[in-house]
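Annotation source TrEMBL lists domain '4Fe-4S ferredoxin-type' at 2-30, 31-60. Per TrEMBL, domain '4Fe-4S' is recorded for 357-419. Taken from TrEMBL, the feature domain 'PAS' applies to 410-480.
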């Protein structure tokens, strides 16, 4: 099941998601970005930065609504960072809103965080591990399991606050209760279905989804009267979403300082820290790691209208300080009857590394024949050209993703077309200065390109039509123009290119056709004249023949009549 991906309709091949993906878990095929689940750590940064909002996050909202409609006992476990996500006066307005929408019970996830803090402390006190890494951030856990598997042995084998609280709710209210976690994290959607604790969290909603639901229901938080949580956390548990808050929750004077405690937030910082630990540059450390910059307060699924990070941080701090902390002897949660342990595994994705020969072969296909050609511009989303070549080898990337390569290829193709066109191609700017002049134009106008570049087109030809196109912003097409000075007749197309604010002239040399056409017309005219002469002569002959025939016929008639009279006599008798 894919929890995070991109919609095909909106993906525009900008590769911004890939540039921001820390582990390059995005595959580009036929120009479409797709998240490869096996490589993904669920941090959601790719979805945050997508300029087209092509994100597609699996939503449990309809299932939650259905559970409410079916009269199930729906219980909300809401992360303490809610105080920074929404505009609230006391924090209790969120309880009122959730109950208004049908939730039976609303508790703080920070209750589970308090249990986790105690278990961390116990593990640090009793354990003998050389190094320790907190395991409250699921994305950090996936990062270690998939990309730094040698560090799995240092991961504290305890569930996250979400799972801990879910287990407590199920234990308290029964397994038939419907538990909904609400927070700023996309990776919680993946964590909730992990086989080790499947069924503990029935649905996960992000703050963004909750905000949209409030809008749909017409709920305005600032108009609601606050209510108390059905179960409230103490100060320590509420501090988990702040960087360093996890260590602060268990580190006090009673714990032995056997480790150097380091808290980092942000994916790059986490990766740098893990690399340092893997290489042995640091040792005897207890690491608090959060993949999101600013820890959970900087989560990827905050509402669109949420305030800036520092305002959110101050609001969460105010919420934390509204509660006192418990003392060691009044710890109220039972950690014996519920299993809060979790196993972590080596899930190394096992990339197949290309040989140097294969890398160079791919680089050559991208037009990179020597080191100087490897620009390492990062436009494709990969840090180096060789890293991109490795991705092509793995089937994760396409050749065409290389912007300099495609630009060079396009320019080369354009140049080939322009340079070899049988038509004159002239490009002028808005000041009527020549910017492009191809070889055919050189031949027709008998001038070298370098002698006319950046000079007014009027030096060569009348620029009135160019000016007309510039002023009207309308193209003039298929206009026959004669240039006697150059002995040519051209079919002229002058086109205005709005985006570039330039004028393109494509001129087809039709001089030969015009010459042939005129010669053909001359032949036709001569032929018609000759035909007319023959016709007139024939008419004269016919008339002369007719005249002669008329005369001879009359004479013949007269002689024959006279002969008849002589023969028959006046009486008609034959003499």
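Note that Cβ sites are derived from N, Cα and C of the backbone, with glycine treated the same way.
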Cβ contacts under 8 Å made by the domain '4Fe-4S ferredoxin-type' (31-60) with residues that lie 6+ beyond its boundaries: 1-25, 138-139, 142-143, 146-147, 180, 185-187, 189-191, 203-206, 209, 267, 291-292, 299-301, 349, 396, 398, 400
Averaged pLDDT score, the domain 'PAS' (410-480): 90
Per-state residue totals over the domain '4Fe-4S' (357-419) - DSSP helix, strand, coil: 42 helix, 0 strand, 21 coil
